[in-house]
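What follows is a short report on a single structure.
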Amino acid sequence: RTNSSQTRTLSFFLGGFPAWETTQMWSAVPLCSTYLLALLGNLTVLSIIKAERSLHTPMYLLLAMLAVADLGLSTSTYPTMLRMLWLEAREISFGTCLAQMFFIHTFTDIESAVILAMAFDRYVAICHPLRYSSILTNSVTTKICVAIVVRTTLVQLPLPILLTRLCFTRVSKLSHPYCLHPDIIKHAGSGTRVNSIYGLFVLLSTLGLDLLFVFLSYLLILKTILNIATWRERLKVLNTCISHICAVLLFFIPMICLSMMHRFSKHVSPQAYVFTANIHFLAPPILNPIVYSMKTKPIRRRILRMLCQRG
C-alpha cells in the first residue's frame, strides 16, 4: 500500500473564468464591485434591524440571520476569486481548499435552513394569524437559529475529514474558482464511494429536505389564499410573500442545476459549470438585501431616511 502522504497532492489549481482569461485585471473590477455591494447591502440590513427596536421580531431576526449567511457565503468565495484575477494566483493548498469548501457548504446550508424557517414564518402569519405571536416568539426564533447552526455544523464537519483519507495522485485543476466538495472528489485517485454517498446524503438531508418543506409550506399558504373571498385581498396577502419567493428562486434553482451537472452530466462545458456556480453562490448575497430593502417597508423607510439625512 502506497503511503498516502506521498501520493496526496498538496495543492489544487483553481478553475478560471473562461470568458475573462484575456482581461483578468479588468475583470476583477466588476467582481470587486459586486463583493462590496454584497457587503454594503447585508451590513445595512443588519445595522437597521439592530438599531430599530421595533424590528426585533421573529421575521426580522430571521432576515438578519439570512444576511449573516450571505455575508459568510460571499466572504468565503469572493476573496479567492479576486486573488486569482489580480495576482494570477491559481494555486490553493490542500488545507486551505478544505477550509474554504467547509465554509462555503456550511453557509449555503445555513441559508437554505433560514429560507425554510422564513417559509414557516410566512405559513404561520397567513394560515394562523391569530396564533402567530404565541407560536413564533423571539425565544422560539432564537432556538430555531441555534438549531440551524448546530445541524449544519454536525453534517458538514465530516466532509473535510473524509477528504483527508483520499489520495490525489496528480496536480488537479478544479472546475470552479473556489473549492466545492463534488468538484474535489472528482480528482481523487480512487476510494471515493464513501465520500460520494455521504455528500449525497448531506445534500438530500439539508438542501433537499429544506426545499421539500418550503414547497409544502407554499402549498398550504396557497390553499389558504384561495379560500379568501376577493382577488384584491388574495393579492395583498400574496404580496407579503414576494420577497421570500424571490429568495427561494434565487437560491434553489441554480443549486439544483449545479447539483445535477456535477452528479449526472459528464459532458458539461467548463463555461456552464462556472456560470451556474457563480449564479448560485454570488447572486443571492447581492440580490437578497436589494429585494428585501425594496419590498420591506420599515427597512425601505429607514434607508430613505438615511439617504435624505446625508443629502
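Quick reminder: no glycine exception, Cβ is built from N, Cα and C everywhere.
TrEMBL does not curate its annotations; it predicts them automatically.
The domain 'G-protein coupled receptors family 1 profile' feature in TrEMBL is assigned to 41-292. Annotation source TrEMBL lists transmembrane segment at 25-48, 60-78, 98-120, 132-150, 197-221, 241-261, 273-292.
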Next item on the list: Grab the same-chain neighbours of the transmembrane segment (132-150) for me: Cβ-Cβ under 8 Å, and only residues 6 or more beyond its ends, written as numbers and ranges.
Entry: 56-58, 61-62, 65, 110, 113-114, 117, 120-121, 124-125
Check: Hey, which of 98-120, 197-221, 241-261 has the most Cβ-Cβ pairs under 8 Å against the transmembrane segment (273-292)?
Finding: 241-261
Check: Counting only pairs 6 or more apart in sequence, are there at least 3 Cβ pairs under 8 Å between the transmembrane segment (241-261) and the transmembrane segment (25-48)?
Finding: no
Margin query: Are there residues at least six beyond either end of the transmembrane segment (25-48) with Cβ under 8 Å to its Cβ atoms? List them, or say none.
Written below: 17, 55, 63-64, 67-68, 70-71, 74, 78, 81-82, 85-86, 282, 285-286, 288-290, 292-293, 298-299, 302-303
Next item on the list: Take the domain 'G-protein coupled receptors family 1 profile' (41-292) and average the pLDDT across it for me.
Entry: 89
